[in-house]
């Protein structure tokens, strides 16, 4: 939930700097203050998770969200007070006040709900969580309400539609650009991959005194005890790397990201952020063997949802292929088949590993590590496999067509009476 709230704040920040194109020293310092509060949020997450029944954690998180929104509002006010900092189209527009109200509405709706959540955290914590959940769904809820009003009340008036077209030539209400979605995704993947090595550096460096006393100064022998941890690290890193590779391949074919594609991408990233948890669970196989199956299944579930939402992005893009995809990657082509197989690989393998660990619990560790080893080689062999499959399908279809043509030719050679018989 907190990850999704941060993405809402990020989307508002992107909208903000669609309006403000140039920054001076004041805006740079205000933005730096905003970033400082954002980097403090993980600490508030930890408090919320460690003390779920204590109101201070959720209160502190809500206050931080309110402060971020207020700083962003000050940036907007300052930018419109100095119009030379604004986007060129807004500078030339006669509706600057409309733009100002619109961007403030986008920025402040989250902090208002967080302010209410901070107040109710001291009285009824579940209501605070409901209000924080509304921060996530509120943009989609308002869009749904607007759509329902349009359907029930009919088309908008001509004057209102003209005003809308005039004021929204700038893309404030459009989905975020493909480039911003990719940049945010790359940042999440990079941070998650970095967290893995930080975990292994913190927990898997042997104590010098223990090396000297227990292993007689042999560092190599001491490190050999951390073998499962290193195996889990490399397996987790390969998983993150290949999921990033699939994400990168997917967006090479995408020309425009719709709202639904952006939402599915955020959901995928939320599970990508859980992969360090999967690493911590699987690195403890040797220490807590009785939790081994549960740890493997949690890792499989995290990997499955991270990859299945990527598959859903591709499916959504295909439904709007003329708007979202390059012509060479559209339905029915060779690249479409290859991308389909690439995106289906991780969901199928992780789901298969999950059920195999349920059926063959004694071999759960071997199954899990085999999955991590096989998948990179499967990616290498995937294009060859897809080409062979397409060639086989084409040959079968061509043979069936030849049979149909031969039957038609035979029927053409027969007399009418023979044909009827």
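Numbers here mean position along the shown chain, with the first residue as 1.
Glycine is treated like the rest: Cβ placed from N, Cα and C.
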TrEMBL annotation of transmembrane segment - which of the ranges 57-81, 82-106 it falls on: 57-81
For which of the residue intervals 260-279, 320-339, 400-419 does TrEMBL record transmembrane segment? 260-279
Long-range environment of the transmembrane segment (26-45) - Cβ separation under 8 angstroms, sequence gap at least 6: 2, 6, 9, 13, 20, 57, 60-61, 64, 67-68, 71-72, 74-75, 78-79, 85
Quickly jot the same-chain residues contacting the transmembrane segment (260-279) by Cβ under 8 Å, restricted to those at least six beyond its ends, or write none. 3-4, 7, 140, 175-176, 181, 184-185, 188-189, 192, 195-196, 199, 232-233, 236, 239-240, 243, 247, 254, 298-299, 302-303, 305-307, 309-310, 312-313, 316-317, 324
Tertiary contacts of the transmembrane segment (230-253) (same chain, 6+ residues out, Cβ under 8 Å): 178, 181-182, 185-186, 189, 192-193, 196-197, 199-200, 204, 268, 272, 275-276, 278-279, 282-283, 285, 303, 306-307, 310, 313-314, 317, 325-326, 329, 335, 339, 342-343, 346, 369, 372-373, 375-376, 379
Cβ contacts under 8 Å made by the transmembrane segment (340-360) with residues that lie 6+ beyond its boundaries: 242-243, 246, 249-250, 293, 296-297, 300-301, 303-304, 306-308, 310-311, 314, 367-368, 371, 374-375, 378-379, 382, 385-386
